[in-house]
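Trainee: I am attaching a structure below and will ask some questions about it afterwards.
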Amino acid sequence: MALNVVVGITGGIAAYKAVNVVRSLVLVGHDVHVVATDAALRFVGRPTLEAISRNPVHSELYEGVAEVRHVAIGQAADLIVIAPATANTIAKLAAGIADDLLGNTVLASTAPLVIAPAMHTEMWQNPATVANIATLRSRGVSVVGPAVGQLTGRDSGPGRLEEPETIVAAALAVYAEHAARLAASGDLSGRRVVVTAGGTREPLDPVRFLGNRSSGRQGVAIAAAARARGADVTLIAAHLEVSPPEGVTLVEASTARELQQAVTDAAADADILVMAAAVADYRPAVVVDSKIKKESQGDTLELSLVKNPDILAELGAARRAGEYPGLRLVGFAAETEPDPAALLELGRAKIARKGADLLVVNRVGWTEGFATDGNSVVVLDGAGDIVSEAAGSKMSVADRILDAIVALD
Ligand code: CTP
């Protein structure tokens, strides 16, 4: 699962090696955002970091103020890795100083923090640094290295930045441990969660269909996160572009009507249903048995479509009529409306129409250019009030959505 990883780079000679830390993380599929101090950018160029990370590099505290970037980057992070971490940065982290973008990012984040110190041996062994490292460790910060070896000058000893592969492996292991610890907290333990994901396809003939571009990533992330939090998960999958997570019961459905059947079967003994799938509202009125031929059509081909059942709205209505007692219903709405207030109004009308407990509204375009590989959502409750806003990797957004569901109890 792609993580949103912030790589903090501070001003030491070893900053050039941070390029390989960024590269290794990108190559294994993570979405990497570099936050560099001004001093770091004297050692390694912004264009290099932007090309390698495939994202803009942030360094200025007073840039991106409208999107509250000084906290947004930290809030969206799943993991923060600072490599190299200079003695000065370590001291600032220990004191909680936020006089630059990196300091703000770290303070605004609840993600695991991994630092890879690099400095001369005397600085590493200085009692101030020793005390600062002890403080950071006591707060749960993971420290990778430093290695012992040749330093920048003629000296050698402890203080050399760990090798980039070692830093990346250690950081990902720290994240895995953190995720496992969260899972062990198990706030969905024993709950039966059904998630629909992907996009339905409505056949026209044996070789063609009407479909949509949903990849299923957000629904799969919700299924994975619910599983990690202890739930018994059924994933109803409509043409996923990503692999389903381990440990869930997988039910494949192709069309809206197949998905409805699968949802109805699974909802009977479910506690929570999350309808993340993009379901076709209409299907061809007639499915032809053999391939539609041009010769039989002429210059235009008219398709007649009939309405599909609205699965969520029907469940909402059934629940109002007393069926499915105790079932929590969560819908999705991906809207293209650019105006935030109008978008929320559409969301409010939709949740009222569907009779769901929560509606996850995708804020398409609100944070363009930032969490490109992630998602940005607003969660509305039945009264149309905002109960949560989340931006970041699809995994972290999944956890915030599950937090909102857990908070309904
Ligand atoms: N949904 C459903 N059955 C359908 C269509 C949608 O259960 N036939 C569910 C989706 O899974 C999603 C929610 O309803 O959770 C909202 O889907 P969306 O396509 O945004 O809404 P529509 O009802 O299609 O409304 P509109 O086309 O007006 O936006």
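Glycine too: its Cβ is placed from the backbone N, Cα and C atoms.
Any TrEMBL annotation is an automated prediction that lacks curation.
Given the structure is predicted, the values throughout are model-derived calculations rather than measurements.
So TrEMBL lists the following for this protein:
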- D281, K291, P309, D310, I311, L312, F332, K350, K354: CTP binding site (BINDING)
- 4-172: domain 'Flavoprotein' (DOMAIN)
- 188-407: domain 'DNA/pantothenate metabolism flavoprotein C-terminal' (DOMAIN)
- 1-192: region 'Phosphopantothenoylcysteine decarboxylase' (REGION)
- 193-409: region 'Phosphopantothenate--cysteine ligase' (REGION)
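Describe the structural context of each listed feature in the structure shown, including burial, neighbouring residues and relevant distances.
Mentor: Shown in sequence order, A256, R257, Q260 are the residues of the chain, 6+ apart in sequence, with a C-beta less than 8 angstroms from the C-beta of P309 (CTP binding site).
Confidence across the region 'Phosphopantothenate--cysteine ligase' (193-409), taken as the mean pLDDT and rounded to a whole number, stands at 92.
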Trainee: If you draw a 10 Å sphere on the Cβ of F332 (CTP binding site), how many other Cβ atoms land inside?
Mentor: 25
Trainee: What three-state secondary structure does DSSP assign to D281 (CTP binding site)?
Mentor: coil
Trainee: Give me the count of other Cβ atoms within 10 A of the Cβ belonging to K354 (CTP binding site).
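Mentor: Result for K354 (CTP binding site): 22 other Cβ atoms within 10 Å.
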Trainee: Starting from the Cβ of I311 (CTP binding site), draw a 10 Å sphere and report how many other Cβ atoms land inside it.
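Mentor: Looking across every protein chain shown, the total is 24.
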Trainee: Which secondary structure state does DSSP assign to P309 (CTP binding site), in the simple three-class scheme?
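Mentor: Assignment for P309 (CTP binding site) reads coil.
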Trainee: Tally every other Cβ atom lying within 10 Å of the Cβ atom of D281 (CTP binding site).
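Mentor: Neighbour count, Cβ to Cβ under the 10 Å cut-off: 14.
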